[in-house]
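**Student:** So Swiss-Prot says this about it:
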REGION    56-79  region 'Disordered'
REGION    137-186  region 'Disordered'
COMPBIAS  137-160  compositional bias 'Acidic residues'
REGION    205-229  region 'Disordered'
BINDING   His232, Cys251, Cys276, Cys279  Zn(2+) 1 binding site
BINDING   Cys255, Cys267, Cys269, Cys272  Zn(2+) 2 binding site
Amino acid sequence: MAEEQAYHVNKGLECIKALRARPLDPLVVEEALAAWVETSEGQTLDRMSSDEAEADHQDISKPCFPAAGPGKSSMSRCHDQGLRGSNSCDEELGAFIGDSSMHSTEVQHYHVYDHSGEKVEGVEDADSILVQSGADDGVEVWGGDEESENSDVDSGEPDPEGSAPADWGSSPISPATRASDVETVEGDEIQKLLEDQSRIRKMTKAGKTLVVPPIPSQERPTASEKPIKKGHRREIDLIWNDGRVFIDRWCNPTCSKVTVGTVRAKCICGECPRVCEQCITDSGIENRIWYHNLADIPE
């Protein structure tokens, strides 16, 4: 059953493509419609009673849509309406030919004809094809039962004019659903990573525990805390003159800058002592001391 319906669907698609490539003359279409109405009027009346009973049993209500588009001969499926006859369908068809505003909004039922105006073989199955009118660039086709949708029969060659073949796959996931799924996955992964890191920090290994000292306070020492004294730096100055050496020794605070020459500097940080063990007994701490011979220099 599925293969047969797929065959009819493919045939219907081929007929639609042929009508697009070579549109029929409107006069030919009207003549073919008139001939078809005359021949099918008797069959329609015979099927009205059986179709009405079946519609009441299955609660089926299908609208009577006329055909759409130039060059496509069509006929409303009035036999699905139960009590509605062919005369009302003829009136709707005439009104539809004069009104082209419905071409872009309605889903139409198509009866396919060949170029001679005769109905194509298998049209009773092919007329279940629904085509969205106005969608010339990409025609989407629905029809048949679930088995035909899952069949392996090829839907035909791609349209050389750019029409894409019917897409029988599942509908894509909406962007909102995708964004929600991604956020949930990322949130779960981040939470798991944080838990793993917290567990690793709590685990201690013997002999490899890292003890991090506390960050020292940036507060200044209070008055009760005495500042640490830095100390002194021993300075020596040598002057050569006619074979004689003039030597001067003294102490400068550690915070003072090292310069060339005999310079006795003062403490600028307030943490260096006034005297040290080397200069406490040095008489030259206040005055320059001259040593005229190398032998006179104390060790």
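Placed from the backbone N, Cα and C atoms, the Cβ positions cover glycine too.
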**Student:** In the same chain, which residues outside the set Cys255, Cys267, Cys269, Cys272 have their CB within 8 A of the centroid of the CB atoms that define the Zn(2+) 2 site?
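**Tutor:** Residues close to the Zn(2+) 2 site, other than Cys255, Cys267, Cys269, Cys272: Lys230, Pro253, Thr254, Ser256, Ile268, Gly270, Glu271.
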**Student:** Let me check the 10 A CB neighbour count of Cys276 (Zn(2+) 1 binding site). How many other CB atoms are there?
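**Tutor:** Its Cβ shell of radius 10 Å holds 17 other Cβ atoms.
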**Student:** Using C-alpha atoms only, work out the spacing between Cys272 (Zn(2+) 2 binding site) and Cys251 (Zn(2+) 1 binding site) and round it to an integer in Å.
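**Tutor:** Cα-Cα distance, Cys272 (Zn(2+) 2 binding site) to Cys251 (Zn(2+) 1 binding site): 11 Å.
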**Student:** Compare the C-alpha of Cys269 (Zn(2+) 2 binding site) with the C-alpha of each of the binding-site residues His232, Cys251, Cys276, Cys279, and give the closest one.
**Tutor:** His232
**Student:** Would you mind sorting out which of His232, Cys276, Cys279 (the binding-site residues) have a C-alpha within 10 A of the one on Cys255 (Zn(2+) 2 binding site)?
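**Tutor:** Near Cys255 (Zn(2+) 2 binding site), where near means Cα within 10 Å, the binding-site residues are His232.
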**Student:** Reported as an integer number of Å, what is the Cα distance between Cys267 (Zn(2+) 2 binding site) and His232 (Zn(2+) 1 binding site)?
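**Tutor:** Here the two Cα atoms are 10 Å apart.
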**Student:** Quick one: of Cys251, Cys255, Cys269, Cys279, which of the binding-site residues has the smallest count of other CB atoms within 10 A?
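**Tutor:** Counting other Cβ atoms within 10 Å of each of the binding-site residues Cys251, Cys255, Cys269, Cys279, the minimum falls on Cys269.
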**Student:** Let me make sure I understand the structure: which of the binding-site residues listed (Cys267, Cys272) has the fewest other Cβ atoms within 10 A of its Cβ?
**Tutor:** Cys267
